[in-house]
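What Swiss-Prot annotates here:
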DOMAIN    6-186  domain 'UmuC'
BINDING   10, 103  Mg(2+) binding site
SITE      15  site 'Substrate discrimination'
ACT_SITE  104  active site
């Protein structure tokens, strides 16, 4: 019997939960994390979500939808610190942990020697309890035989959910779910599938023939059909010393059409990936930006530097041209990702400006040290600062 050894961890309203761990008196209130002026909602409590507040809703609109919404500013360094602690707890259960984003990831319990599903469930329940007791946040878990089904399961009973999908029941588990539960099907895509094609539930998709699916989803129809059947052979990818690339992606709750907002997301990913590259003693040469549209089509484009680097600055000028080359359709985006490849650990060759580069590297090392000690926002790049209106 195949055991449900793939686990998806999804922290509940992560940014807000981290803030409420510091301000427990606000638990149970309608609150959200975000910028009050010209900002967007980064995370909303479940009480605020019940009033119609979602991510990434503009703050001004959120306050109209929910006038008694309590706005909480970002606490510098808090989220990365709690995220690191959360995944360290995961690694006490298994070394095979994939950090998919700051608040979610996968665990592979295959090598742990569990004999029964009950043993696995007991161990994961224990991890869920540890996270709540030690970090004062909650997380939801999905257990299945593959990543796709585990991810869907983890989101069904939030907050503090725990859903197990036994082996062999994947298609049966997915069939009655709304089509919007499949990864990549956002609200607008779901509205189109329901309104134009009558595909309301996952089982409705499976009732369509191949030709019709291709007409609806284009080249991505096989991926959609396999997803509806619960088929997924992707392994849990752990970080290791001989990594051939470093990557990060972000899927948006609502499609984003703002070029400036996507630029900020990409630069934030650069800022989060390069310290890890430095920590590993590596340098990278190539940056690739990938975008995905609501219909699951995607495009990517990459550029390479003349020499490998472990600094952020050389990659910032590539963000705008790469986005323009990848984002060719005049449509909002559902997902964006950044990937660094051309990984090397050889010293940079001496050049005319080698001394200046070494100074920048020493400065980066100091900033990394400060941010590790006090949090990742102790020292920020200019583009990380929220835009503020001029004084009146």
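Placed from the backbone N, Cα and C atoms, the Cβ positions cover glycine too.
When other Cβ atoms within 10 Å of the Cβ of residue 103 (Mg(2+) binding site) are tallied across all protein chains shown, the result is 22. Around the Cβ of residue 104 (active site), a 10 Å sphere holds 20 further Cβ atoms from the protein chains shown. Mapped onto three states, the DSSP output places residue 15 (site 'Substrate discrimination') in helix.
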